[in-house]
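> Sequence annotations record features per position, and here TrEMBL assigns Mg(2+) binding site to A:Asp71, A:Asp140. Annotation comment: TrEMBL describes A:Tyr110 as site 'Interaction with target DNA'.
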Amino acid sequence: MTPVHPEFVPDPTLSREEMERLQRDIADVAGFEDDFAFDPAAVRADPTDDGQTALGAATDDAEPPVVVGVDQAFVDAFSEDALAVSAIVATRGSEVIEEVHAVEPTEIPYVPGLLSFREGGAILSAFEKLTVDPDLAVFDGSGRIHFRQAGIATHVGVTLDVPAVGVAKNLLCGRPRESLDEYLPQGARVAIEADDSVTAPSGTVIGYAYQSRQYDNPETRHVNPLYVSPGHRVSAETTTDLVERLCAGYKLPEPTRLADNYADEVKAEVRD
DNA sequence: GCGACAG
DNA sequence: ATCTTGTCGC
């Protein structure tokens, strides 16, 4: 698939000010409310999940929506001329239906808040090779949890106009409504609100800390939560619901894990 | 000036 | 993101 909004394609040669202005423009047209055609209750990733679990049954016997996981790996990551490997794995329920990838030289270093300008080009190149039409894209990184509400999930989601969510392992900005230092049981959700560093009214819920995996005993080891946020055409609440459905016993959603592994495979081949 | 920062 | 064996706890 190709960009619906070519004017939003991330250009690494822009000045920092131009990048930030583009992000504000993207956030203006981004959809942070549900606006997609598939049934969220039909989304699943666990092969042992027949769709009749506590999460709620699908309304019909239709095939599960197509969910793509997107992840990057780098060859010579700390070098100026590092190569970005972008991998996309398309899934339907627990089935992998397509895998595509793209390898491109990185143009700029990693800068917090400008990640999409470093990795976005390779991601869009990989999407051009994708033949299936995704119902939802899951990105590694933030969406609305971003200074200008335009993290990589929002940037790419809006550019392709595809429903998208962001899944990050660390919090970029915003303020948890409750302390995340205490033990959170599996399934716990803590709202992440906009603070003064975010271009949204203070208190706006821009995402959630979601405890996708946790050990039963609070005294022993603990797992860090995921930070999920809307990318495009999905609300913060539904984003969390979808990520919950896509997790199958591991901390990360299944499409993300698959893309993670595939990116590593490609990287191993590329660095010969 | 201080603090804080996805991958 | 990346470099990496063993090791602790469920």
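Using the three backbone atoms N, Cα and C, a Cβ is placed for every residue, glycine included.
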> Radius 10 Å, atoms counted are CB only; among the binding-site residues A:Asp71, A:Asp140, which position scores highest?
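That would be A:Asp71, with the highest Cβ count within 10 Å.
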> Expressed to the nearest Å, what is the distance separating A:Asp71 (Mg(2+) binding site) and A:Tyr110 (site 'Interaction with target DNA') at their Cα atoms?
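Rounded to a whole number, the Cα-Cα distance is 15 Å.
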> Among all the protein chains here, how many other CB atoms are within 10 A of the CB of A:Tyr110 (site 'Interaction with target DNA')?
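Result for A:Tyr110 (site 'Interaction with target DNA'): 13 neighbouring Cβ atoms inside 10 Å.
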> Sorry to bug you, but what's the C-alpha spacing from A:Asp140 (Mg(2+) binding site) to A:Tyr110 (site 'Interaction with target DNA'), rounded to the closest Å?
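Cα to Cα, A:Tyr110 (site 'Interaction with target DNA') and A:Asp140 (Mg(2+) binding site) are separated by 14 Å.
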> Taking DSSP as the reference, which of helix, strand or coil describes A:Asp71 (Mg(2+) binding site)?
strand
